[in-house]
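J.: Not my notes, these are from TrEMBL:
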- 38-258: domain 'Anoctamin dimerisation' (DOMAIN)
- 261-846: domain 'Anoctamin transmembrane' (DOMAIN)
- 272-299: transmembrane segment (TRANSMEM)
- 350-370: transmembrane segment (TRANSMEM)
- 434-461: transmembrane segment (TRANSMEM)
- 482-502: transmembrane segment (TRANSMEM)
- 645-668: transmembrane segment (TRANSMEM)
- 696-720: transmembrane segment (TRANSMEM)
- 801-832: transmembrane segment (TRANSMEM)
Amino acid sequence: LVLELNQVIIPTYGTVPDQQNLHTPEWVDFDDKPDSLFFKDGQRRIDFVLVYEDESKKMTHKRSDRKKQKRKRQVYESNLINNGLQLEATRSVLDEKLIFVKVHAPWDVLCTYAEVMHIKMPLQHNDLKTRNSAFNWFSRLFRVDENIIKPEQEFFTAPFQKEHLSNFYIQDKDTFFNPATRSRIVHFILSRVEYATKNNVKKFGINKLLDTGIYKAAFPLHDSSFRHLSTDPNCPSERYLLYREWAHPKNIFKLQPLDFIRKYYGEKIGIYFAWLGFYTNMLTVAAVVGVGCFLYGCLQKDNCTWSQEVCDPNIGGNIIMCPQCDKVCTYWNLTITCESSKKLCIFDSFGTLVFAVFMGIWVTFFLEFWKRRQAELEYEWDTVEYLEQEEQVRPEYEARCTHVVINEITQQEEHVPYTACGKCVRMTFCTSAIFFWILLIIASVVGIIVYRLSVFLVFSAKLSQHISGTEAIRKYLTPQTATSVTASLISFVVIMILNIVYEKVAILITDFELPRTQTDYENSLTTKMFLFQFVNYYSSCFYIAFFKGKFVGHPGSPVYWLGKYRNEECDPGGCLLELTTQLAIIVGGKAIWNNIQEVLLPLVKNLIGRCSAAAGSEKVVPRWEHDYHLQPIGKLGLFYEYLEMVIQFGFVTLFVASFPLAPLLALLNNMLEIRLDAWKLTTQFRRMVPQKAQDIGAWQPILQGIAILAVVTNALIIAFTSDMIPRLVYYWSFSVPPYGSHSTHTMEGYINSTLSVFNISDFKNTSKPLSPWFGNQTTCRQVYRDLRYPPGHQHQYEHNIYYWHVIAAKLAFIIVMEHVIYFVKFIISYVIPDVSQKTKSKVKREKYLTQKLLHENDLKGVKKNLGKIADKIIKGADSTFRPKDE
């Protein structure tokens with residue numbers, strides 16, 4: 001349905017209709033009722049509030065500009081009244097320059113626009129029997145007390161139609177449309193009422209007026225204070241109940257009242273908290289298994305044969321390692337890495353393999369069960385048939401529609417903001433900008449790598465000299481450890497700084513693209529931001545996992561970066577421990593930083609606002625003025641909350657093979673995150689305009705993409721980053737004849753057989769260490785497990801047979817692990833339907849009732865009317881042919 005709005009608009013900026021033709025709001029004084037949500041008459045509910053600064057008291061603009069702004073505002077308010085809205089203006093109690101315009105939508109306006117917006121309203125009570133779960137008694141322990149927040153009644157619903165008003169479940173006209181729906185309808189009108197035209201381009205919508213400063217704020221009201229119940233008996237104090245039973249830290253182990261959240265804030269907020277709560281609940285299982293694998297590693301640490309050999313003074317103490325850099329680095333003893341090898345045994349164990357396979361399957365269960373849960377919410381929250389065509393065009397898009405084209409479907413003229421050529425130019429520019437910024441991120445990663453290469457030289461030359469007398473410190477503060485920790489910290493700081501820059505860049509690029517609808521805008525911005533953040537957050541982890549220590553050559557022929565910096569080498573146990581350190585710093589640091597930022601920033605801003613208004617603190621302040629001094633939610637709403645959680649999801653799944661405690665950290669963070677987000681919404685921010693949302697949008701395919709990529713990355717980490725495959729190959733093949741000398745399969749001798757031998761006389765002058773050689777030995781060992789033939793062999797320094805066995809085993813492991821997990825994922829996806837049978841039955845029942853109540857009643861009415869007409873015709877015929885009385 002298309003509703004034609006009869007509006008008064010300004011033909012140009014210089015001419016205005018006669019002031020007598022403009023309708024103005026009714027002016028009233030504040031009635032000293034601080035919790036009132038109604039106009040002064042106590043009957044009409046306040047559905048929205050507009051705030052502007054009295055133009056006569058503005059001192060920052062020219063007089064002519066102030067007059068233009070006043071004219072636009074007056075025409076806009078007049079058009080609102082022409083569209084059926086009722087306005088009441090009140091001057092601020094604390095600041096006489098501010099004017100609050102309260103907006104009320106009467107019953108007829110609500111009905112008209114509910115039909116235009118296809119809003120679903122209740123027909124009758126849901127009469128399908130619900131089966132209680134076997135675990136219902138257990139979940140009741142964690143639910144909100146039903147005596148405090150009563151469960152929402154379930155109804156069958158249908159899109160509202162005025163002509164079928166009698167078929168809808170209407171007990172009270174004042175409560176038929178709840179406050180969230182009323183605010184949504186009013187915002188729909190506010191976003192589409194015109195106030196001016198310029199060069200044949202219409203200017204309309206509250207968003208444009210807010211951007212130009214004509215209005216300072218526009219928001220729906222909170223229904224009470226979050227600290228206490230409302231003094232108004234007509235107010236349900238839902239905000240207070242949400243704070244007490246949901247946002248308060250004491251509820252950290254309670255389930256969320258999702259229906260109540262949706263009722264107060266709308267479906268878009270509700271679906272976010274539903275997803276976050278579901279994700280957190282699923283993390284509980286992953287965290288338990290992850291902790292189990294970690295404890296298994298801790299218990300097996302003392303039985304780790306290869307670590308014992310490293311720490312044994314008779315084995316590791318007799319192994320002299322080659323220098324890890326040119327000239328300034330010296331020879332060193334393998335036992336220096338004793339402590340790091342013990343730590344590595346915790347993470348590089350059989351439990352890691354089990355956990356990686358488990359997480360590949362867990363993520364499939366998570367996504368499939370979420371689809372089922374999402375389908376249930378779609379039905380319960382009436383978003384099953386939320387069609388894309390219901391979404392209106394963004395005002396920013398519509399304001400730029402100056403080109404006329406012929407619609408291929410309707411064959412009618414329509415206005416678009418750019419031609420086909422212009423669209424191509426925009427897309428080319430935006431794509432180029434995206435690639436430029438991604439390359440800039442990669443350049444920052446290269447900078448971190450160069451830092452690692454250069455600072456390692458300094459630590460290798462200086463660190464041992466300054467701590468030579470303290471053996472306890474030398475065990476832990478090796479050059480590798482110092483380089484890894486400092487590089488991780490610097491990487492974290494660079495990531496957080498670049499985030500701020502990239503957010504602004506992504507918004508600028510998306511604004512330039514000019515998407516048609518808000519959903520298109522958010523999806524486009526989501527793709528760009530995630531692409532930026534993916535490279536920004538994960539690039540350093542990908543470098544450590546798959547590139548560091550993989551292309552280093554050997555001591556006699558090292559590989560150089562940029563022709564100057566010798567490539568980094570991993571510890572003798574590989575780079576897995578360094579990857580674990582990097583993940584722990586980034587995941588932990590990001591969680592702490594985000595939570596502090598989310599709590600402190602709005603809190604400090606609101607404190608500043610309250611301090612500035614402290615002079616009038618003894619006055620009675622109305623609800624709308626309290627809400628005005630809260631923080632606005634921002635145009636992107638929950639975008640950054642989703643982004644934060646999806647980035648976390650990537651850390652939990654992509655690199656979980658190296659850090660089994662990641663799900664536990666994510667679980668603890670999310671339990672706090674839910675309450676912090678709830679606390680922000682209920683206490684620090686103005687009430688959001690309720691919005692419809694069918695699902696989590698573009699984040700769903702992103703999560704599915706991460707789940708697929710996670711199988712590959714974890715298989716590669718186990719195969720190429722950890723030392724598991726070389727150990728298994730040694731145990732089963734090279735510890736026994738024909739390659740080994742042991743009579744049974746064992747890990748003894750593993751260290752000695754995997755560290756390649758190098759003759760110190762083969763050092764080139766450019767890399768020969770300056771420090772003198774000690775002892776009578778003529779050889780040193782390579783730091784990394786390069787598996788080469790020893791000096792004197794006819795193929796000296798070339799890869800030996802052990803190396804090729806290991807490579808073959810690694811490739812076979814990757815293929816087998818990927819195919820097994822993908823096969824299991826496919827089976828799980830096939831077995832678990834996206835929509836449960838219970839939900840399907842409810843949808844079918846609702847469609848049946850809709851057809852019966854709305855359409856069959858129409859047919860009965862038509863038949864009844866036709867029957868009356870037929871009776872009249874028959875009676876008329878009888879009277880015509882009946883003989884006259886004598």
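Cβ atoms here come from the backbone N, Cα and C positions, even for glycine.
Curation does not apply to TrEMBL; its annotations are automatic.
Any idea what these are sitting next to in the structure?
T.: Counting residues 6+ beyond its ends, the transmembrane segment (272-299) has Cβ neighbours under 8 Å at 255-256, 258, 261, 345-352, 354-355, 358-359, 362, 365-366, 369-370, 373-374, 377, 638, 641-642, 645, 649, 652, 656, 660-664, 666-667, 670-671, 673-674, 677-678, 696 in the same chain.
Sequence-remote contacts of a segment are chain residues at least 6 beyond its ends whose Cβ falls under 8 Å from one of its Cβ atoms, and for the transmembrane segment (350-370) they are 275, 278-279, 282, 285-286, 289-290, 292-294, 296-297, 300, 652-653, 656-658, 660, 663, 703-704, 707, 710-711, 714-715, 717-718, 722, 724, 817, 820-821, 824-825, 828-829, 832, 834.
Non-local neighbours of the transmembrane segment (482-502) in the same chain are 437, 441, 444, 448, 451-452, 455-456, 459, 463, 529, 532-533, 536-537, 540, 578, 581-582, 585-586, 589-590, 593; each lies 6+ residues outside the stretch with a CB under 8 Å from one of its CB atoms.
Away from its own ends, the transmembrane segment (645-668) comes close to residues 276, 279-280, 283-284, 286-287, 289-291, 293-294, 297, 347, 351-353, 355-356, 359, 363, 530, 533-534, 537-538, 541, 545, 576, 579-580, 583-584, 586-588, 590-591, 699, 702-703, 706-707, 709-710, 713-714, 717-718, 721-722 of its chain (Cβ-Cβ under 8 Å, at least six residues beyond either end).
Panel annotation: around the transmembrane segment (696-720), residues 271-272, 275, 352-353, 356, 359-360, 363-364, 367, 374, 519, 522-523, 526-527, 530, 545-546, 550, 576, 579, 642, 646, 649-650, 653-658, 810-811, 813-814, 817-818, 821-822, 825 of the same chain, lying at least six beyond its termini, place a Cβ under 8 Å from a Cβ of the stretch.
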J.: Averaging the per-residue pLDDT over the domain 'Anoctamin dimerisation' (38-258), what integer do you get?
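T.: Computed over the domain 'Anoctamin dimerisation' (38-258), the mean pLDDT is 85 on the 0 to 100 scale.
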